[in-house]
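As recorded in TrEMBL, the features of this protein are as follows:
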COMPBIAS  A:1-11  compositional bias 'Basic and acidic residues'
COMPBIAS  A:12-28  compositional bias 'Low complexity'
DOMAIN    A:95-280  domain 'ABC transmembrane type-1'
REGION    A:1-34  region 'Disordered'
TRANSMEM  A:49-68  transmembrane segment
TRANSMEM  A:106-127  transmembrane segment
TRANSMEM  A:139-159  transmembrane segment
TRANSMEM  A:165-184  transmembrane segment
TRANSMEM  A:230-249  transmembrane segment
TRANSMEM  A:261-282  transmembrane segment
Amino acid sequence: MTTLEQTERLLETTSPATPPDTDGTGTALNTTNPADTTRFIDRKGVKPAVGFLVPVVLLVAWWVVAAAEVFTAVQLPPPVAVFEAAVGLIQRGDLWSHIGISVQRVLLGFGIGAVLGMIFGAILGLSRWADALLTPLLGALRAVPSLAWVPLLILWMQIGEDSKVTLIAIGAFFPVFTTLYAGLQHVDPHLVEAGRAFGYKGFRLFKTVQLPAVVPSIFSGLRLALAQAWLFLVAAELIASSMGLGFLLTDSQNNGRTDRLILAIILLAVLGKITDTLLGLAEKRAIARWT
Amino acid sequence: MTHANTSAVVCRNVGRAFGTNGTSRQILTNIDLEIAAGEIISIIGASGSGKSTLLRALGGLDVGFTGEVLIDGTAVAAYDPRCAIGFQEPRLLPWATVTDNVAIGLPEGTPKSTATARVAELLDLVGLAEAADHRPREISGGMAQRASLARAMARDPEILLLDEPFGALDALTRIKMQQLLLDVHAQTGTTTVMVTHDVDEALLLSDRIVLLDASPHTEGATIANIFTPPAPRPRASHDPALVVLREALLAGLGVEPLASSKG
C-alpha cells in the first residue's frame, strides 16, 4: 500500500465522530521517510494529501487531550462536541444562514474593494498628476487601523449590510491598490517605449502593454485582499451583527459555548482556504496566459 | 509600399545634452546630415559616441534635442508615425504570440482583414510563418529579432530606424539577417538608418557610412566623416576597395591597422 493510499484511508476516517487510532497515524508518518518523499512528493496529488497530515495529527492530539480531561469541557471541548454543535446548528437551520451571510458579505466587499483598488491603482500608477494629488492621502487612510472605521461607518450607515460590506471593501481595497500601483511603476520601460514608438498611448497603451504586464501583481494583490476581506468580516461581525460567523463567535463566547466557538474558527479557516485556493487556481491560469 | 524619392531626412545643427540639476553633458553637437529617400545609412562610432541618441532623435523617441530634424520637410514629431524602429533588444510582448507582436506595428485603425493578411505576409517575408503562434520565449534570439524587424515593417514606415539590430546575434544568424535586410530593402526601398558598431556590417549594407566622433572644437560627438562604399550591393567583404575603406573606418574609430593587412 502506498503512502498516498494510506493517507487517503486516514483522511476518510478522520471525521470528529470517529477519530482514527493513533497506531494508524504512526504508520502513515513512518512510511514518508526522506528517501521516498524526494521522488514521491512530486507525484500528482501527493503534496495536497501530505498537507493534511499535520492537521490530522493535531486533531488526534486534540482528541487525546480532551479525552484525558486535561482541560475542562468549557476550556476545550472534545472534537465530538464541536461536530455535534455543527449538527445542532444545521438542524436549527442556523449554520447555513451564518455561513451564507458571511460569504455574501466577503464576496461583495471583496468585489467592490478590488474593483475600486484596480481603478485607483491604475489611475495613480499611470498619471503623475493623480499620483501627486492622491497618493499621500491614500497612504494616510491606509494607515488607519481597520477597527477605527467601525464607529463612523455605523454612525453613517447604521448597523446593516452597508456598513459591514463597506468595511470589508476598505480592507480589500488597499492590497489591490498598493500592488497594482507598485506593479505599474515597475513595468519594463523598454516595452512601454516600444509601445509608444508604435503609436500606442493612453488607454490603448495601458490595455496592450501595462495591464498584461501587471497581471501577476494584480493577482497577488487580490489574494492579499481576500485574506483582508475575511479579517475585516470578523471585525465587522464581532462588533455589530445578528448573523454570520463573527456573530457566532461573540454569541458563543457570551453563552460559554466553546464548541460553537471552535466550530466558527474552523469554518473561517476552511472557507478562507477554499476561497484562496479558487483564486489561486485563477491566478495560475492567468499567469500562464499573461507571462 | 515604395517610398523611393518621396522622403528624406534632414538634420540641421542637431545637438543633444543630458543633465540634471544644472550639470549638463553634451552628447551630440552640430550634426548636419541629409539622407536621400531609399538610402541605407549606417551610423558608426565608438561606445558612448551618441549613435543611439542620434537615431532616437530621428524617430522622435527623444525630442529633447536642439536644432532641427526634418522628415519630408516637416519637423519630426514625438514618436513620429512616419518612422518605425527596431530596437537593440527585440522588445516583444512576452504574453503575445509572434503574430500579435508583429501586429503591434500596424498603423492604428488598420482594418482587421487587411491586418491579418499583412502580418501573414510579413511573417512569410522574415521566415517566421511557422512560428506565428509561438510566444517570444519559445523562439530563438534570431527569430525574435526577425519578429522585431517585421513589427517595424508592419508600420510601413517612410524611415526604418534600426538600433544595432543584429548586435546580439551569433555570426551565422547575423549574416542571414543582413541578407534579409537587403532583400526587404530591395522590395520596399524604405529609407533605412542603422546604428552599428560592426564595421563589416556597415561596409556590406550601407550606401553611406556616417562616422561619429568627439568634436575637435567643442564638447560632444559630431560627424567626423562620411564614407561611401564604392561597389554596388551585393558586396564581397574582400573587395579591395572595401579593404581600403575598412582600414580608413577602423582608423576613424581609433583602431590601429594591423601591419599584415597592409597588402
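Glycine too: its Cβ is placed from the backbone N, Cα and C atoms.
Note that the structure is a prediction, hence the values are computed from the model and not measured.
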Stretch-level contact, the transmembrane segment (A:230-249) and the transmembrane segment (A:49-68), CB cutoff 8 A, at least 3 pairs: no
Positions whose Cβ lies under 8 angstroms from the transmembrane segment (A:106-127), at least six residues beyond its ends: 134-135, 138, 164-185, 206, 210-211, 218, 221-222, 225-226, 229-230, 232-233, 275
Contact set, same chain, for the transmembrane segment (A:261-282): CB under 8 Å, 6 or more residues outside the stretch: 77, 82, 85-86, 89, 98-99, 102-103, 106, 219, 222-223, 226-227, 230, 234, 245-246, 248-249, 252-253
